[in-house]
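Worksheet for the structure shown next.
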Amino acid sequence: ITGMAVVTIVFAALGFMSPASRGMLLTGMVIIYLLLGTVAGYAGVYLWKTIKGTPDGWRSVAWWNACFFPGIVFVVLTFLNFLLWGSKSTGAIPISLYFILLSLWFCISVPLTLFGGFLATRAEPIQYPVRTNQIPREIPARKYPSWLLVLGAGTLPFGTLFIELFFILSSIWLGRFYYVFGFLFVVLVLLVIVCAEVSVVLTYMHLCVEDWRWWWKAFFAS
């Protein structure tokens, strides 16, 4: 998803995609998402292999990568389309487009994601500089709950994106085109940097209090 957003914004900032051309931006996003399925499968399975120490179960991880986000989008799209059909709106999506989207999903995205996961199983795993203790250490009691720290850290990435998100949603609400993709790309770069820095700081704070369960907290914070 991040790769699709970056590539789409770069192409739009360079003028290859324009919201004025009906359907060009959305079509480009779908094509880029399909082609980046290999990268998603590789990254997901490689991370699974790194954490678990073995590639066992990589097919399940690849299937989750290929079906989780598109499945949510498809369910939401179907629900909204039923509302449009019920109100007899001309903006409803025809049933033929559903079959096209399903064909693209299961004939292109899913195989590419599985292929990327297969490549990850053949890649060399990350070598840790130290040995990991097989017995989990007891985590000392903290003075403050983890969710409070995660909530406070999450305000920094949101603050980075808030102003630009306001202009984007205002353009959508007022029925206008959004053209400031160059500035949006700069905001995206800043957002990635802020998310990375927040995750590093939050992980360091958890390790200082001997909390080794840092990964999901760093993810939720950013």
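Just so you know, glycine gets a Cβ as well, placed from its N, Cα and C.
Keep in mind that TrEMBL annotations are predicted by a computer and have not been checked by a curator.
Copied over from TrEMBL, here are the features:
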TRANSMEM  30-49  transmembrane segment
TRANSMEM  61-85  transmembrane segment
TRANSMEM  97-121  transmembrane segment
TRANSMEM  147-173  transmembrane segment
TRANSMEM  179-207  transmembrane segment
Of 61-85, 97-121, 147-173, 179-207, whichever stretch has the most CB pairs under 8 A to the transmembrane segment (30-49):
97-121
Sort out the residues at least 6 away from either end of the transmembrane segment (97-121), same chain, that have Cβ-Cβ distances under 8 Å to it, and list them.
30, 33-35, 37-46, 49, 55, 58-59, 61-63, 65-67, 70, 74
